[in-house]
Number of protein chains: 2
Amino acid sequence: MELENLLKQRGLKVTDQRKAIVKVLKDCNCMLSARDIFDKVKQIIPGVNFSTIYRNLDLMSRKGILCGLMVDTGVSLYGLHREEGHHHHLVCKGCGRSMAIDYCPMSSVEKELAKKGFSPTEHEFIVYGFCGSCGTSGRGE
Amino acid sequence: MELENLLKQRGLKVTDQRKAIVKVLKDCNCMLSARDIFDKVKQIIPGVNFSTIYRNLDLMSRKGILCGLMVDTGVSLYGLHREEGHHHHLVCKGCGRSMAIDYCPMSSVEKELAKKGFSPTEHEFIVYGFCGSCGTSGRGE
DNA sequence: ATTCAGTTGCAAATAATTTGCATTTATAAT
DNA sequence: ATTATAAATGCAAATTATTTGCAACTGAAT
């Protein structure tokens with residue numbers, strides 16, 4: 001019921017596909033690619049179309065309901081937007097999950113940017129590696 | 001002549017297309033997309049093929065002659081590898097140029113990662129914004 | 001000069017994402 | 001409840017970025 005209000009507040013209609021996308025992300029509690037989300041939503045709504053997924057991931061990200069992340073392979077990952085505010089991510093190369101970290105490097109570079117006359121708008125900080133369960137050796141591919 | 005040795009050291013043949021790619025990146029002194037590089041190399045070698053560009057960007061990046069960077073639109077940018085070592089980038093949304101910054105946030109998160117049992121392998125830190133010449137307002141597109 | 005692995009051009013294939021359009025649907029107004 | 005309508009969806013086709021198979025070519029070692 002909470003999601004319904006969130007969507008309405010942002011002027012978005014409450015549709016089954018949007019509810020399914022959010023459910024999938026809530027259940028997984030990690031960030032997923034559009035394809036992963038599509039596959040999981042299909043188990044809930046067999047007839048969903050991929051373009052509906054893409055349109056909603058984009059729209060809900062722009063409305064602050066989801067947040068997107070571009071990883072170094074050029075694929076976007078999406079997750080629920082954390083209200084707690086700004087944060088960055090660890091991406092596990094073993095299981096593909098991502099976790100949040102609160103540390104943000106921006107305050108440490110502000111002076112250097114000002115000196116260069118650069119006005120920052122966005123930034124990203126992503127750490128790739130292996131999480132506790134996947135270990136330093138990874139799990140192959 | 002320096003490049004020729006660099007290529008040979010890495011077991012790569014010295015070809016006109018490789019020389020042209022490096023020349024383009026040296027002249028621009030910034031990071032460019034594969035398409036930009038292709039367009040500029042074509043002015044030197046009209047017959048180059050796009051796949052040759054891609055193969056060499058990938059190969060020379062893996063050999064440490066170039067370095068690649070995935071920006072948040074999902075496009076890779078390539079530049080000459082700076083021997084001076086590890087660094088990160090500012091990407092101007094006005095002119096598309098990128099500059100290096102030396103600050104690296106990794107040392108500040110090491111403890112937090114260790115606590116989470118996460119073993120980092122790679123990381124990226126990119127700041128988007130507008131450089132001195134493009135100003136805070138940007139220049140449209 | 002000969003050899004041969006490495007490299008290139010070409011064309012076709014992938015993969016990720018976007019778009020146009022007709023149909024459907026959630027919501028607001030009746 | 002019914003209706004009107006803008007928003008949302010499904011579908012198919014288009015884009016964009018990148019990759020791959022393969023035959024022809026070329027740099028470098030002999």
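Backbone N, Cα and C define each Cβ position, glycine as well.
DSSP assigns B:His86 (Fe cation binding site) to coil, not to a helix or a strand. Positions annotated as Fe cation binding site by TrEMBL: B:His86, B:His123.
Residues or ranges marked as Zn(2+) binding site in TrEMBL: B:Cys92, B:Cys95, B:Cys131, B:Cys134. Other Cβ atoms within 10 Å of the Cβ of B:Cys95 (Zn(2+) binding site) number 14 in total over all chains.
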If one looks at the chain holding B:His123 (Fe cation binding site), which residues at least 6 apart in sequence have a CB under 8 angstroms from its CB?
B:Pro105, B:Met106
In sequence order, which residues at least six apart in the same chain have a CB under 8 Å from the CB of B:Cys134 (Zn(2+) binding site)?
B:Cys92, B:Lys93, B:Gly94, B:Cys95
